[in-house]
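Enquirer: So Swiss-Prot says this about it:
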DISULFID  Cys42-Cys111  disulfide bond
CARBOHYD  Asn90  N-linked glycosylation site
REGION    20-115  region 'V segment'
REGION    116-119  region 'D segment'
REGION    120-134  region 'J segment'
SIGNAL    1-19  signal peptide
Amino acid sequence: MAPRLLFCLVLCFLRAEPTNAGVIQTPRHKVTGKGQEATLWCEPISGHSAVFWYRQTIVQGLEFLTYFRNQAPIDDSGMPKERFSAQMPNQSHSTLKIQSTQPQDSAVYLCASSLSTGVSYEQYFGPGTRLTVL
């Protein structure tokens with residue numbers, strides 16, 4: 001009996017997923033009404049100091065929104081600033097807020113993180129948040 005129990009325990013530990021294995025985005029799906037506020041969360045990979053936000057639609061494809069390095073906004077040239085805002089208050093998360101949502105805001109919003117070392121940035125993407133505005 002003891003060897004079988006030990007075998008089961010070993011299997012359980014082998015199947016356990018590591019924490020902080022990748023970029024985490026919440027919620028995965030969000031449905032909201034026109035004129036509401038939507039807040040999207042991103043948790044970068046531990047140790048990564050750069051966070052990027054993108055929006056992806058069928059018509060426009062992947063669009064850059066904003067980029068943070070060491071919590072400071074570096075480039076927000078892609079942000080529709082009248083209703084969109086992003087923050088990175090600490091190294092553990094970033095938020096993207098959309099005020100007064102419109103149907104054209106319906107898209108998949110992607111967050112990526114990077115070590116931010118050297119000249120190039122190898123980005124690791126989260127699963128995305130699918131926002132639907134009715």
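Yeah, the Cβs are placed from backbone N, Cα and C, and that goes for glycine too.
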Enquirer: So what pLDDT does the region 'V segment' (20-115) average out to?
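Expert: 95, rounded to a whole number.
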Enquirer: How far is it from Cys42 (disulfide bond) to the residue listed as 'N-linked glycosylation site', counting Cα to Cα, in Å?
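Expert: Just about 11 Å between their Cα atoms.
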Enquirer: Could you state the whole-number distance in Å separating the C-alpha atoms of Cys111 (disulfide bond) and the residue listed as 'N-linked glycosylation site'?
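Expert: That comes out at 15 Å between the alpha carbons.
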Enquirer: Please list, in sequence order, the residues in the chain of Asn90 (N-linked glycosylation site) that are at least six apart in sequence and whose C-beta is under 8 Å away from its C-beta.
Expert: Gln71
Enquirer: Fewest other CB within 10 angstroms, which one of the disulfide-bonded residues Cys42, Cys111?
Expert: Cys42
